[in-house]
Every structure is written in structure tokens, then in C-alpha cells.
Amino acid sequence: MYVDMNREYLKDINTTEDVKIPEDPLERVIGHEDVMPMIKIAAKQRRHLLLVGPPGIGKSLLAQAISFHLPEPSEEITVVHNPERPERPFVEIKNRKEIEDEILEIERAEGELIDPQSAPDAVAERLGFKCIHCGEYSSAYNSICPRCGGDKFSHIKARRKHIGDLLGMFEMSSGSLSVPQKRVTTTRIIDGVEEVVIYERVGGEEIKVLDQRALEKRRQIVEEKPRNVIVPLDRKTFVQATGASETELLGDVRHDPYGGHPDLGSQPYERVVPGAIHEAHEGVLFIDEIVHIAGLQRFIFSAMQDKTFPIVGRNPQSAGSSVKVDEVPCDFIFVGACNIADLQYILPPLRSRIQGEGYELLLNTTMPDTDENRAKIAQFVAQEIELDGKIPHARAAAVELLIEEARRRARAVDDVDNALTLRLRDLGGVVRMAGDLAVMDGSPYIETRHMEVAIRKAVSVEDQIIRRYKSYEKALEKDLSSSQRMSQHGYSSENIDRSYM
């Protein structure tokens, strides 16, 4: 039996195994109920977001949750060969209906598979399915009829021998004559109109029928311009580009060592690589710590403004440097994240664009210490255990210890009483250490003893230094080796023999 922590409290569970984990990613976010309405609006109305707050409070989880509420992509982006100017390929955008219709047309061009008995008798005989002696149907790979024992291909041999005699030729190999025809072309009348029909043997058991429409479609496919699908229809709606390089973010054109030679090399359209801004088309582009790509913020601003961005070769020494694909779509929801101290380093026009077409949200670092929020911590523990997949569930008493630790950290780090910390990434480390201890102990659940050790041990190196040395300065002093201590006072070099030098 699962307990919904949105309606029940911690006293209703024995272990985190009893906790029901929500399917909606937005309901998995802990402690940000005040900004949740704006997050849902951003998903529905396609608004940009700037999430501000310290690391580990759920910014990336919020961005992923937005993508969960977006509809499936409806457009596919294709780069098409330009025969007049190969270094300027075209962009082709197809919606889902056009692609589905195209797939149906291709399937029609591939023909219809029928049973040999459904084909005309003359066709079935020439393709090797029907015996001309008794009319029995069998595999085209069987030259001897299994019913009458006659040679199914005797008429084919006689016809080929007759043609060979007329042309003054002789048989080089009798074995090759025993193979039936692969394809038979004939005509049929439908609605008073005569049309060409081709029957093709598929293996030894089926026949493919290509009518006039299928043949016409095949011809169109052959004549169609070569293309390269760079953003497929079936794709993820969440693209993370944290710390991306210029090439990863904006796209590139791969180098061709043969310089695009028509015979040896590859055409420019084949070497076009989309950037993260193009892959996020109709989805979410998430960049955490946006100040780390300060030089690329202006490109993101341009892409948000125009909803298109060209793909060019970015290496001047590459054969792709002369290739450019204009107006490649990139209509995405931008979700940026940063710390409070980094706000000053965000490009002002980019922030203006976000404010004009979205929202800037300051996220909480604590939540009130209520029964409902304590139950949310239990939900968080269950989610972390499921996400990890290598540790057992926790007893309710162990969860109570973690809640007490969350209360202590809210006071120590954020100086807030009667609150629980939302710096949940650090708490996740405590849960994993407790789970690892339970695994090593052979315990089916995380017990209080495991959680107590994890709370004591899963602390930062800085806290460990203070705990051991009382101050950071003393730690630095103790960290010096004996030779380093001596070097600070210098060496007496008056009586050193350097004659060997």
C-alpha cells in the first residue's frame, strides 16, 4: 500500500517503501509551492525563466518538469542540398502531418505484398511459384514440384534456350537457367484505364505488387534532392547546455579532408551539425550557471529574439568554414539559472528579454517546519532511493533523524528557525551514505544507526577541517611538511661544500 504524502503525514508510513512517488515531475519538486504557479504558466504559455538561488535547491529539476508539460514536437528540420550553390544548403521544415503522409507514400512506393495464389496464373508461373504441369503452388526456390515431381521451370529454360539460339549464343551454365524471373511486367485495366503493373518476387514465399502510383512515387523519390535531417521529429523536449562551447551551443559544419570533392568527399549539407539551440526547438533549453558562458549570452539573446539562428562552419581552417545555413528554426523556452552573486554578470539585454517575455524567480532555501513539509522530506528520501537504485529504503525513524538534520541545517546555514532546509542535494548525499552503510551491513532497510553515522560523516571538507583543527589557519600550518617549515626560515649555507658543482 502506498501513502500519498500530499495528503498523509509521516506517522502513516513504516518505511519509505510505503511512499507514493508522483508521476508528474512538478509534484516531485520539494518546497517551492510559492513559485509553482509561475512555473506552470511558463510551460503553458511558453515563457522564459531565470531561476536564481544557491546550488542544490532544485533549479534543474524545475526546468525538466517544464519540459514534461510541453506537447510533443510537431516540426522536423531538414537541410537540403543546393545544387547551384552547395555551400548554401536550404532549410526545409515539415510538420507531423506532412511527415506521416510522406511515410504513407513511401510505403505505397514500396508496394503491396500478396500471396502467390492471389497473383495472375501466368505471373505466378513465371516467378516460379506455380507448377505449369499440375497447378500446385510451392516455394519459388523449389525447382521440382512437390506434388507431381515435374520441373517447374522447364518453360523458362525452353524460352531462354530459344532466345539464345536466335541470338547465336550457347549456354555457359545450365544451373543459372533454373532460377525463375525476379520481376514480371504486365498491364491491367482498372475502371476502364489500362496501367502498368510490376510483380516482384520477395524471397520464396511472397510477391510485391507495384502499381502505377507506386512506380510514380518511386521515380519522385529517386529524383528528390538529397537531404539531411538535423532535428528529427521524435526528440527530447529538454536540452541541457550547461558549460557548452560555441560549437555545441550554436552548431557547426564538419571538416571534409577532401574539400567537398563530389567523388571523394561529402557534400556540405551532409556535414551540417545542429547546436543545442536548434535541438531545443519547440522544447526547453536549460543552462545552469549561465555566467560561465558569458561570451555566448549575446547569441542566446539573438536566437530568443529572432527564433532562428544560422549554422556556419566555425573553424576558419576547416573546409566547412565557407558553408552557411540561414534561418534554422530555434523557437525554444529558455530557462537560465544562476546564484545571487552572479546576477551582475548576466548580459542586460538578455535579462530584459527574459523580463519582457517571461519571469525572474528567486527560489527559497528553506520551508516552514510543518507536518506536511516533514512528510515532503520523506517523499524526497523515497525519490532519492528510487533514483539511486542501489540502496535500500529507510525506516520512518531514520527519516525522522534526517528531518532533524534538515532543521539544524536551516538554522546553521540560512539562520532560519522553525524551518527545514531546501538544500536537498546535500541531504541526498546523506541518504546515499546511509544507504551504502546499510548495504555493507547487510541490512534490508536504512536504520537509525546508519543515518546517525551518515549525518556525522557526510559533511564538507571545510567542516571536517574545523572539527579536527578548530580553525582553517591551524589546518594550513599543520598541513606543511617538515621541509616546508624549514624553508620558511631559510638555510644556513656558509659551511656547504659546493666544489662538486
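Glycine residues also receive a Cβ, built from the backbone N, Cα and C atoms like all the rest.
Your range for region 'Disordered', going by Swiss-Prot and the list 82-102, 481-501, is 481-501. Listed binding-site residues: PRO54, PRO55, GLY56, GLY58; maximum Cβ neighbour count within 10 Å falls on GLY58. Taking the mean position of the Cβ atoms of GLY53, PRO54, PRO55, GLY56, ILE57, GLY58, LYS59, SER60 as the ATP site, the remaining residues of that chain whose Cβ falls within 8 Å of it are LEU51, ALA337, LEU363, ARG423, ARG425.
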